[in-house]
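Per Swiss-Prot, these features apply:
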BINDING   HIS116  chlorophyll a ChlzD2 binding site
BINDING   GLN128, ASN141  pheophytin a binding site
BINDING   HIS196  chlorophyll a PD2 binding site
BINDING   HIS213, HIS267  Fe cation binding site
BINDING   HIS213, PHE260  plastoquinone binding site
TRANSMEM  39-59  transmembrane segment
TRANSMEM  123-139  transmembrane segment
TRANSMEM  151-164  transmembrane segment
TRANSMEM  206-226  transmembrane segment
TRANSMEM  277-293  transmembrane segment
Amino acid sequence: MTIAIGQNQERGVFDLVDDWLKRDRFVFVGWSGLLLFPTAYLAVGGWFTGTTFVTSWYTHGLASSYLEGCNFLTAAVSTPANSMGHSLILLWGPEAQGDFTRWCQIGGLWTFVALHGAFGLIGFCLRQFEIARLVGIRPYNAIAFSGPISIFVSVFLLYPLGQASWFFAPSFGVAAIFRFLLFLQGFHNWTLNPFHMMGVAGILGGALLCAIHGATVENTLFEDGDAANTFRAFTPTQSEETYSMVTANRFWSQIFGVAFSNKRWLHFFMLFVPVTGLWTSAIGIVGLALNLRAYDFVSQELRAAEDPEFETFYTKNILLNEGIRAWMAAQDQPHENFVFPEEVLPRGNAL
């Protein structure tokens, strides 16, 4: 008989907090929740506050709130004025000096929402890592979520950091994002950027893979049953697979001549395509922040300038980009007092 004599170790504060954070509850908190919940709450709350009450008159010369007559598609939390540079515009900083109304007027809510939103997304990614570790599964969900994080950080933070000020970032609103897309096209020819092309291929390719995969699984479900839909035929305790990979493989082998024969490779490919698209788009946006150019077909531009009868879709788009720049520069930066005489506005062969 062995008798073990020991002393109970006192549990430290860290262990007590760790137990409380990881307690089984309806909404898991965890250590990641200490970052996620406050930042996400403040970002969403700041956005609702801005779109409801705060004007963009002092930063953009625009109405941007429900209070001023905007609707869900036209309301926005707009970026600070160009004169603010890259200031964080803290409420207690030299710009607002603790005046909340003044802080809202000069665009403080935008930096508030952008920074808290970025940390909220990072917190959600860490939440997926934390729960995956506790449950005992691989962290591919968190790895996949790095794609949206890279897009948010590159578009809302890195791009304006490479430009003159936060003013050139997108404002947080539907129509505001559309304006930003037109800006990227006019000033950077974004649609002809190879990183944008890879991003489009990744996102649309991921959507296509998702649709094909869902349809194929529905087509090859076991035990359909007599119900109007196939969902009730599934039971969590059934011993066999939900669908037939062999049948799906045979179907697509007949369609294309090739098919995925391995579920792991199939699902990794479905993960890889859209996430790679998001990352390549983010890399492209960082390139735009540094004013890297897209494809230039100068020979076509020179020939179009010399020959009135020669024009391509590329040269037409270049002229449209010039029109966007001429219009947006004066509209977006009224403090610069840009004046464009009629003779310098773009007039192409077909415009």
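Each residue, glycine too, has its Cβ placed from N, Cα and C.
Between the CA atoms of HIS267 (Fe cation binding site) and PHE260 (plastoquinone binding site) there is a gap of 10 Å, rounded to the nearest whole number.
Long-range neighbours of PHE260 (plastoquinone binding site) (same chain, six or more residues apart, CB within less than 8 Å of its CB): ASN249, TRP252, LEU266, PHE269. Of the listed binding-site residues, namely HIS116, HIS213, the sparsest Cβ surroundings within 10 Å are found at HIS213.
Counting other C-beta atoms within 10 Å of each candidate's C-beta, the binding-site residues HIS196, HIS267 are led by HIS196. Comparing GLN128 (pheophytin a binding site) with HIS213 (Fe cation binding site), their Cα atoms are 24 Å apart once rounded.
ASN141 (pheophytin a binding site) sits 18 Å from HIS213 (Fe cation binding site), taking the C-alpha atoms as the reference points. In the three-state DSSP assignment, the secondary structure recorded for HIS213 (Fe cation binding site) is helix.
In the three-state DSSP assignment, the secondary structure recorded for PHE260 (plastoquinone binding site) is coil.
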